[in-house]
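K.L.:
Input: one structure, supplied below.
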Amino acid sequence: EMNEVKSYRRRRRHRRRSNHKERRERLMENVSDKSDTETADDPSSSILKPLISPAAERIRFILGEDDSGPPPPQLFTELDELLAVDGQEMEWKETARWIKFEEKVEKGGERWSKPHVATLSLHSLFQLKNCIEKGTIKLDMEANSLQQIVEMITDSQIESGQLKADLKEMVMYTLLRKHRHQTKKSNLRSLADIGKSVSSASRLFSSQENGSPTTAHRNLTSNSLTDLSDKPEKDQLNNKFMKKVPRDAEASNVLVGEVDFLDTPFVAFVRLQQAVMLGGLTEVPVPTRFLFILLGPKGKAKSYHEIGRAIATLMSDEVFHDIAYKAKDRGDLLAGIDEFLDEVIVLPPGEWDPDIRIEPPKSIPSADKRKNNIAGGESLQMNGGTPHDGSPAGGGGHAVGDELKFTGKFCGGLILDVKRKLPFYASDFYDALNIQSLSAILFIYLGTITNAITFGGLLGDATDNMQGVLESFVGTALAGAVFCLFAGQPLTILSSTGPVLVFERLLFNFSKDNDFDYLEFRLWIGLWSAFLCLVLVATDASFLVQYFTRFTEEGFSALISFIFIYDSFKKMLKLAHHHPINSDFNMDLHHLNATWASLTRSECLEWGGQLLGPACEFVPDITLMSFILFFGTYTCSMGLKKFKTSQFFPTTVRQLISDFAIILAILIFCGVDALVGVDTPKLLVPSEFKPTSPNRGWFVPPFGGNPWWVYLASFLPALLVTILVFMDQQITAVIVNRKEHKLKKGAGYHLDLFWVSILLIVCSFMGLPWYVAATVISIAHIDSIKMETETSAPGEQPKFLGVREQRVTGTMVFILTGLSVLMAPILKFIPMPVLYGVFLYMGVASLNGVQFMDRLQLLLMPAKHQPDLIYLRHVPLRRVHLFTFIQVLCLALLWVLKSTVAAIIFPVMILALVAVRKAMDYVFSQHDLSYLDDIMPEKDKKKKEDEKKKKKKKGSIDSDMNDSDFPANENVPSIKISMEAMEQEPVLGEKPSDREESPCSTVRRWAN
């Protein structure tokens, strides 16, 4: 029975495939093979078009040429209209402009509108196509002035019979009138009257002394050239809008207007061979490459305005922009308009108000997918094929670049790291020349010294001050500065970590119980660990990093972030314990007799008394004030950091406030603390440079304190330290080197581990704490030096360019940390609750953008309110929740281990996360894991997803995945509208209903 079922299914698939093939052949024959007997009365010949239109084929050829050269420059497009000044003088008035989005001059004429998406009427696009079909097209014109351009255009139209010779002077005079931009104050009337403007150029001529065109012609050169200067005007050079225009941009000028001396439209599209400065023609001093001119009979100013907006919007479109630069003839431009019409979206007039301005989207879809669609794309990917990102079946791993290649040679990876980083060494210093670096230095410095003081104090308690705050400062400064100067990834910040602290406490107690010299025992453990790390460097063991997937990274980074958040609250509660709130205070309790008990604290000390008992140190309101400073610093830091996207102040001010957000928050609440005057706990920094314990020096002797066998036995605990150092260092390095950070100078995993090993030796000999990469502070460092585009188009969100890769910020942070002993008199004014607020901010900020946190929020969201995340499109929600639950379980287990005596095996458990991830291959399909366990940013995934949909639409006709009666193509056959009816149009602006037969009526008749 099973064989019969399989045989039936094979026969059914074969029939379905044959039917698809026959239907596809019939469709292509009906579309592409036109019969000789085909007539205009047969509507099917103009309705269906091939799956790849002739326009798309032509554009594919145009865009496929000269790809090796630089991309065409971006365009600034300006729309100028011919308007009357007080009903007499005619001038060109700027009414709109485009870089990416449209900005209009408001009806009052005194300000620009907010940037918005340009909404066009379909009729204006048809009219524009008619203009390009019939007008003068001059591509690669050689000219140096506007007068020369206009003269060449008018001569061409006279030769072709489109313009009467006696109208040349009037056309030239009109086109060479002065251009008044929005930067100037003028007495032009409101644009609300744009459809009623009396645009009579002959009035200009009649206003001359003798009123004859000949006189006007004699005055043409003198008057016109004085009206339109060849040099940039002062208003152009001082225009602040210039900073929004991209570097090396060129201009596209659109001139439209109505005159009463023309009976037919005067249309020209010009592309200059070389961009030329045309004086005051453009609002900003950029050279002009394109001109579109439309002068028509009066009475249709609104129609001309819409056509001008249509060509200006097309010039701001990325695909048509490239076509305009590469077009060889009129047909190429028409093909570009057809492609635009293929992609355009039509909104029903009864369901949308065209006066509503559409806000620019936060993320703009890339034009690459349109270009890929035109170019044909890559081969089809069927269901069940390779993962979406093209990664191997395991999915989610790191791309194996040169940084993680296993060379198989002695120190092969280390040598490659040095060769990779050495060419950038000089630029690592001068790339830091930016004000943003200063804010990063101050922010990370305060976080680093807080961390150094905290861990120094804990180390002092755990080791009876054999290592204390001063050793923590010296070790942080030494190790951090050396690492930032010479390591492969200087953006990584070194610090003491929680597992190291646990190990130090256990090691000290073990040494004390067995009468070992703690520092000497620790020295040998450090030497063995450094030796093992150097062996890992020499054998290219860092290639194992490629097995650290998103699952491992997020588990580790989320744990460290939660530790920061937990510790900040723990320290505040400890502070509240030392300074309790006196809830039993009674204002009515008083003594009539002046006894020692009735005196105030200050009076008691003034009269020579002594304070006895814990209540004597009580100061009211310390806890309350501390929590105000704590939450205030955190809230202010978060708010100021987001100030960059607010609507207040200019862009430069917002950016500056955002860069210095944490520093400003610290200064503000230090001022609040000083103003209120409550005696809150302050930052205490050692003021003398000497070891915390008098029983030790700055050098630890390697021999003499312990039996000889201890030197060999140290190898066993050194194995744990090696695993701890390797895991902490490399997982943080992986997080720092993520693709979404767009680092351009490469990573250096082997070189990083090499310098950590060397510093391990130095710190062991000096009796200083051991240092590895700190996840949260490193992420905060990267966030503080992220770069965005400085000249984003109005309405366009700034694009993330990458991180300012340099060595200066980290080096300066650690130099300042070493000098903090000298700055103790200044630092003592910083309240500890303020620094705890910075700790809280760093912990919360490092969780932003972590997919694990997004999936945690999904647990509390109804399905209808869940965001459009890429993995929710492809992975069932129950599988997403199961993946999150496993991650939470692992995180909870790590937290429990960290909080108990078993914390010594914490590094081994982090390593176990890799094994857990491998075991998940048996629980989840590779398809699900490719979406849930990947480090690719969401926006890139969506971009790839949209591209695949486009490719699938084109290629699905060859598939047999469905059993529909029509070929398996998601594209409904497009309607091919003939432009023959528009060719019969004598005057632009005529409505379709006025014609004998419009394209729409043809479609309607066929549909009926």
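Every residue, even glycine, has its Cβ placed from backbone N, Cα and C.
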K.L.:
In TrEMBL, which of the ranges 254-276, 438-460 has the transmembrane segment annotation?
P.N.:
438-460
K.L.:
Taking residues 6+ outside the transmembrane segment (834-853), which of them lie with a CB under 8 Å of any CB in it?
P.N.:
446-447, 450, 550, 554-555, 557-558, 560-565, 567-569, 571-572, 629-634, 637-638, 641, 662, 665-666, 669-670, 673, 683, 740, 775-777, 779-780, 783, 884, 887, 932
K.L.:
Where, among 622-640, 748-772, 808-827, do we find the most CB pairs under 8 A to the transmembrane segment (660-678)?
P.N.:
622-640
K.L.:
Mark yes when the transmembrane segment (808-827) and the transmembrane segment (438-460) have three or more Cβ pairs under 8 Å (sequence separation 6 or more) and no when they do not.
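P.N.:
Taking Cβ pairs at least 6 residues apart, the transmembrane segment (808-827) and the transmembrane segment (438-460) are in contact, with 3 or more under 8 Å.
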K.L.:
By a Cβ-Cβ criterion of under 8 Å, what residues six or more beyond either terminus of the transmembrane segment (622-640) are in contact with it?
P.N.:
568, 572, 575-576, 579-581, 657-658, 660-662, 664-666, 668-669, 672-673, 676, 678-681, 831-834, 836-838, 840-841, 844-845
K.L.:
Would you mind listing the long-range same-chain contacts of the transmembrane segment (748-772), meaning Cβ under 8 Å and 6+ residues beyond its ends?
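P.N.:
Contacts of the transmembrane segment (748-772) (Cβ under 8 Å, skipping residues fewer than 6 from its ends): 403-404, 411, 413-414, 416-418, 420-421, 455-456, 459, 466-467, 471-472, 474-476, 478-480, 482-483, 486-489, 492, 494-497, 500, 504, 519, 522-523, 525-527, 529-530, 533-534, 536-537, 540, 542, 545, 691, 696, 698-700, 702, 721, 724-726, 728-730, 732-733.
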